[in-house]
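Peer 1: Would you mind keeping the following structure in view while I ask a few things?
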Amino acid sequence: MAEMATATRLLGWRVASWRLRPPLAGFVSQRAHSLLPVDDAINGLSEEQRQLRQTMAKFLQEHLAPKAQEIDRSNEFKNLREFWKQLGNLGVLGITAPVQYGGSGLGYLEHVLVMEEISRASGAVGLSYGAHSNLCINQLVRNGNEAQKEKYLPKLISGEYIGALAMSEPNAGSDVVSMKLKAEKKGNHYILNGNKFWITNGPDADVLIVYAKTDLAAVPASRGITAFIVEKGMPGFSTSKKLDKLGMRGSNTCELIFEDCKIPAANILGHENKGVYVLMSGLDLERLVLAGGPLGLMQAVLDHTIPYLHVREAFGQKIGHFQLMQGKMADMYTRLMACRQYVYNVAKACDEGHCTAKDCAGVILYSAECATQVALDGIQCFGGNGYINDFPMGRFLRDAKLYEIGAGTSEVRRLVIGRAFNADFH
């Protein structure tokens with residue numbers, strides 16, 4: 001508890017210190033969108049957690065939300081690195097990292113809250129944040145040796161570096177252990193050949209955690225996987241042009257190419273041929289933290305839809321007073337609140353040392369599918385305006401759909417849950 005209090009004060013100090021400084025060039029303050037209140041008494045949050053949400057919401061609605069439509073339209077976040085340093089100053093890039101490396105030493109519930117609020121302002125930037133803070137930083141915290149942590153964490157946590165993680169390949173998505181990227185040991189180095197695909201933050205990343213096959217004959221195949229820390233600029237490593245995606249536009253994604261890429265043996269994360277343990281343990285927490293993304297998108301839909309229903313008129317009255325629209329509001333709200341309770345409680349359990357693959361898969365399965373439905377309902381409430389790109393409703397739908405595919409598809413999540421029950425009766 002004392003460590004938590006210290007970390008909370010540290011984060012509070014960073015927030016206070018940021019307020020004393022003018023924003024970076026290019027971050028012109030704009031009138032924030034009118035937000036619906038979030039009842040965190042019902043959500044069971046502590047006073048410190050409520051303050052964290054309020055601080056992040058204020059900052060993000062002023063400095064990110066007004067840019068979200070343009071980020072989506074252009075598929076580019078022009079001020080990404082400056083914004084990343086602002087997040088670093090706020091202490092949220094390394095929110096679960098130890099204080100000794102510059103982190104805030106907080107828990108997964110706080111991580112989910114920040115993920116939610118960033119996604120509320122911009123789903124795309126929220127996804128990039130999740131890849132950086134959880135897939136990269138948290139994996140280094142949990143699996144890196146002391147030298148690796150001292151070398152990489154401070155710059156990743158400050159926002160000087162951008163991080164990523166690379167598992168998937170063109171023919172190895174859900175079946176990730178069938179990956180073909182090969183790592184051959186030669187002296188004190190490994191030579192990597194192959195490629196990775198659909199890598200979030202790939203075009204921008206300075207540090208990447210990359211999984212490769214070090215034993216092609218291993219049975220089962222999962223026993224021959226090793227995790228490596230790869231730096232931008234290493235000989236033989238390059239990236240292709242960023243992908244033109246349906247949604248999450250501005251969260252840059254690309255193919256990684258390895259052509260006789262020379263990686264020092266000291267850059268193995270964990271142990272040789274034991275990368276599957278790094279991968280699978282990290283996947284549970286990835287699903288948990290990324291579940292904050294659909295929460296933020298659902299809240300954004302409500303932020304825009306509920307006020308609209310009480311401004312738009314038809315048949316001589318505000319359309320929000322029609323019973324069919326009241327039903328839409330009720331459905332959207334209850335889906336969001338049910339998802340929040342599930343996600344927050346699983347996060348609390350993980351903070352207390354009780355983390356299950358079944359429920360980490362469950363929270364993103366349920367919240368992702370609810371987010372898609374809530375976005376569809378929001379479009380319906382907007383009517384013709386919901387189908388026009390001058391309004392953000394289409395963006396919410398396109399962004400929400402990613403969470404039914406990334407971090408393991410909805411189908412794979414159902415398998416994880418079903419197999420967990422089967423194991424109880426084996």
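The first residue you see is number 1, and the count goes up from there.
The backbone N, Cα and C atoms fix where each Cβ goes, and this holds for glycine too.
In case it helps, Swiss-Prot gives these features for our protein:
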TRANSIT   1-32  transit peptide
MOD_RES   K58  N6-acetyllysine
MOD_RES   K58  N6-succinyllysine
MOD_RES   K67  N6-succinyllysine
MOD_RES   K67  N6-acetyllysine
MOD_RES   K78  N6-succinyllysine
MOD_RES   K78  N6-acetyllysine
BINDING   165-174, 198-200, R312, Q323, 380-384, 409-411  FAD binding site
BINDING   S174, S222, R223, Y277, D284, L285, E286, R287, A407, G408  substrate binding site
MOD_RES   K241  N6-acetyllysine
MOD_RES   K262  N6-succinyllysine
MOD_RES   K262  N6-acetyllysine
ACT_SITE  E286  active site, proton acceptor
MOD_RES   K318  N6-succinyllysine
Peer 1: For K78 (N6-succinyllysine), which of the three DSSP-derived states applies: helix, strand, or coil?
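Peer 2: DSSP assigns K78 (N6-succinyllysine) to coil.
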Peer 1: Of K58, K67, R223, K262, E286, which is closest to G383 (FAD binding site) if I measure between C-alpha atoms? They're all recorded positions.
Peer 2: K67
Peer 1: Given the recorded positions K67, E286, A407, which one's Cα is the least distant from that of N171 (FAD binding site)?
Peer 2: A407
Peer 1: Which one of these binding-site residues, S168, N171, S410, has the sparsest Cβ neighbourhood, judged by other Cβ atoms within 10 angstroms?
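Peer 2: Across S168, N171, S410, these binding-site residues, the one with fewest Cβ atoms within 10 Å is N171.
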Peer 1: Go through T200, Q380, the listed binding-site residues, and name the one with the sparsest Cβ surroundings, counting other Cβ atoms within 10 Å.
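Peer 2: Minimum Cβ neighbour count within 10 Å, taken over the binding-site residues T200, Q380, occurs at Q380.
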Peer 1: Could you check the binding-site residues D284, E286 and say which one's CB has the most other CB atoms within 10 Å?
Peer 2: E286
Peer 1: Just how spread out is the substrate site if you go by the largest Cα to Cα distance in Å among S174, S222, R223, Y277, D284, L285, E286, R287, A407, G408?
Peer 2: 23
Peer 1: Tell me the Cβ neighbour count for K58 (N6-acetyllysine), meaning other Cβ atoms within 10 Å of its Cβ, over all protein chains shown.
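Peer 2: For K58 (N6-acetyllysine), the count of other Cβ atoms within 10 Å is 15.
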